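Structure first, then comments.
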Amino acid sequence: MINEAIQQQINKGEMLPLMEEFYTIQGEGFHTGKAAYFIRIGGCDVGCHWCDVKESWNAKLHPPTNTDTIVENAKKYANTVVVTGGEPLMWSLDYITTKLQSLNLKTHIETSGAYPLSGKWNWICLSPKKTKLPLNEIYNEAHELKVIISNNHDFKFAEEQAAKVNTNCELYLQPEWSKREKMTPLIVEFVMKNPHWKISLQTHKYLNIP
Ligand SMILES: C[S@@+](CC[C@H](N)C(=O)[O-])C[C@H]1O[C@@H](n2cnc3c(N)ncnc32)[C@H](O)[C@@H]1O
Ligand SMILES: Nc1nc2[nH]cc(C(=O)O)c2c(=O)[nH]1
Ligand code: SF4
Ligand SMILES: [Mg+2]
């Protein structure tokens, strides 16, 4: 059990259940190829059966960590920080993003959008999931929509989600990793027919980096 003092700090975002933090190259989407410090916060109940980080789901397995310490670590590395998870929007992210931006770090988030938007973001990557749809409030804020393609129905889902984002939002289709051999050629064909979409690959997995 977490004691009340720690719970209060978590509620304020002054502590977060940190799973891991690492300096790497953003592997996916619009910022592919850019050096970034990743902060992975535990906890997710969206339940994607193909999730590549299921170890993140149970927040209780990830120790509450002082946000100030996380920020200090981040600033030693790149000038871009990606907050991911788990589902990072399960937590209050105003405190961490205010601190990061005050140090002139760019704040990026990877989110399903299934929880209320908190935090100040330079870049929001929205990756909607059928099992727990995004809240309406995030569609207009997303800079990037990244839909995972695991089967043929997912193309229709992608179009439905694209109808909800703002007109400047970058549109990406990313093959589900275990289905990449089957789905990548279908994505290529789809993007050539529908050039407002782009393909995103999980390039870090090809590069064998975190
Ligand atoms: C692990 S999630 C964490 C952030 C947030 N929960 C979300 O889903 O956006 C980070 C990104 O990886 C994507 N992802 C997770 N598992 C994947 C897989 N097996 N193949 C391709 N992309 C995957 C997610 O859709 C998301 O865009
Ligand atoms: N290199 C790298 N790029 C990523 N882009 C999104 C990731 C994530 O898990 O949120 C991720 C990740 O885990 N590694
Ligand atoms: S929402 Fe993100 S972290 Fe949660 S199960 Fe789906 S891919 Fe994994
Ligand atoms: Mg990942």
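All residue numbers here begin at 1 and follow the chain in the order shown.
Positions of Cβ are set from backbone N, Cα and C atoms, glycine also.
According to TrEMBL, the substrate binding site annotation covers ILE25, GLN26, GLY27, ARG40, THR84, PRO210. Taking all protein chains in view, 19 other C-beta atoms sit within 10 angstroms of the C-beta of THR84 (substrate binding site).
For CYS44 ([4Fe-4S] cluster binding site), other Cβ atoms within 10 Å of its Cβ number 24. Marked as [4Fe-4S] cluster binding site by TrEMBL: CYS44, CYS48, CYS51.
Reduced to three states, the DSSP call for TRP50 (S-adenosyl-L-methionine binding site) is coil. What TrEMBL lists as S-adenosyl-L-methionine binding site is TRP50, CYS51, ASP52, GLY86, SER127, PRO128, LYS129.
Per TrEMBL, the feature domain 'Radical SAM core' maps to 31-210.
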Those binding-site residues in CYS44, TRP50, THR84 whose CB falls under 6 A of ligand 3, listed in sequence order: CYS44
For ARG40 (substrate binding site), the one of CYS51, GLY86, SER127, PRO128 that lies nearest, given that the binding-site residues are compared by Cα: GLY86
Other same-chain residues whose Cβ falls within 8 Å of the Cβ centroid of CYS44, CYS48, CYS51, the recorded [4Fe-4S] cluster site, in sequence order: VAL46, GLY47, VAL53, LYS54, SER56, TRP57, GLU87, SER112, LYS129
Predicted model, mean pLDDT over the domain 'Radical SAM core' (31-210): 98
Candidates GLN26, SER127, LYS129, PRO210, namely the binding-site residues, that fall within 10 Å of CYS48 ([4Fe-4S] cluster binding site) by Cα distance: LYS129
